[in-house]
Amino acid sequence: MIFSKKILIVEDEIMISDYIFEMLSDSGFTNIEIANDCKEAISKMNLFKPEIVLMDINVEGKDTGIELAKQKNDEAIIIYITAQNDSATIQNAIATNPITYLTKPIKKTDILAAIQLANFKTISNQIIIKNGHHEVVVLYSDLTYIKSDGNYIDIYTNTKKISVRESLEKFYEKLDKEQFLRIHRSIVVNKSKITSKSSSSIFIDNIELPISRNYKNYI
C-alpha cells in the first residue's frame, strides 16, 4: 500500500518540513519521519530506512542534500526539493539518480504525483518470489546471482539463499535484462555485483562463477 510507504522529509526549515508532514498526513500517509539537519538525516536513513526521501538540496548549506543522498540506503528513492533551478545544481543532483525534483513553493498536487511516481519505481525495482506458501519481496539491488539446481533454482541475495521450484529460464524472463546477465545455461548474475572477470569466469567478491562458451559473446 502506497500510504504505508516509509517517507523521510529532510528539510532544515522547520515550517516547511511541518507543512510537508501535514500535507502528507492529511492525504493518508502514516509512516513519516522528519530530519531537520544533516546529522539527524544520516541517523534516520540508517535506522528508519525510508523507501522515499524528500530531500532539500540545501540542508544546512549549498548542495549538502546531494551529498546526503549518496549515503542513502539502497532501497530509498530520492525526490529533491529546491528553491534553485541553476543548471550546475540540477546536473549535480541528477548524478545521484533522483526520481524527480520539486521547486519551492511546493504544491500538494506536485508532491503527491512525485510520490506516486516513486511508488511505481519501487515496484519496478523488486521481484516477488513465491517460496512455498509464502511470498518474499526482494529488491533487485539485493540479488547477487541465481543458479539452477535440477528442478530448483537457488536465489542468492546479499544476506541469504532462497530455493524455489522454478526453471531458471522462467525466472530470468521476469528480470530486468539491463541489470541481469546470463553467463551460463545454469547461472544468471546481477551486473552491478560483478567485482572482476577473466576470460572464463566472473567474480562476485570471492565467489567464482564460470562463463560458458555459448554466452561469452554476450558478456
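Keep in mind that glycine also has a Cβ here, set from the backbone N, Cα and C atoms.
Small disclaimer: the values here were computed from a predicted structure and weren't measured.
Feature list (source: TrEMBL):
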- 6-119: domain 'Response regulatory' (DOMAIN)
- 127-219: domain 'HTH LytTR-type' (DOMAIN)
- Asp56: 4-aspartylphosphate (MOD_RES)
Helix, strand and coil counts within the domain 'HTH LytTR-type' (127-219) (DSSP): 18 helix, 47 strand, 28 coil
Helix, strand and coil residues within the domain 'Response regulatory' (6-119) as assigned by DSSP: 49 helix, 23 strand, 42 coil
Mean per-residue pLDDT computed across the domain 'HTH LytTR-type' (127-219): 90
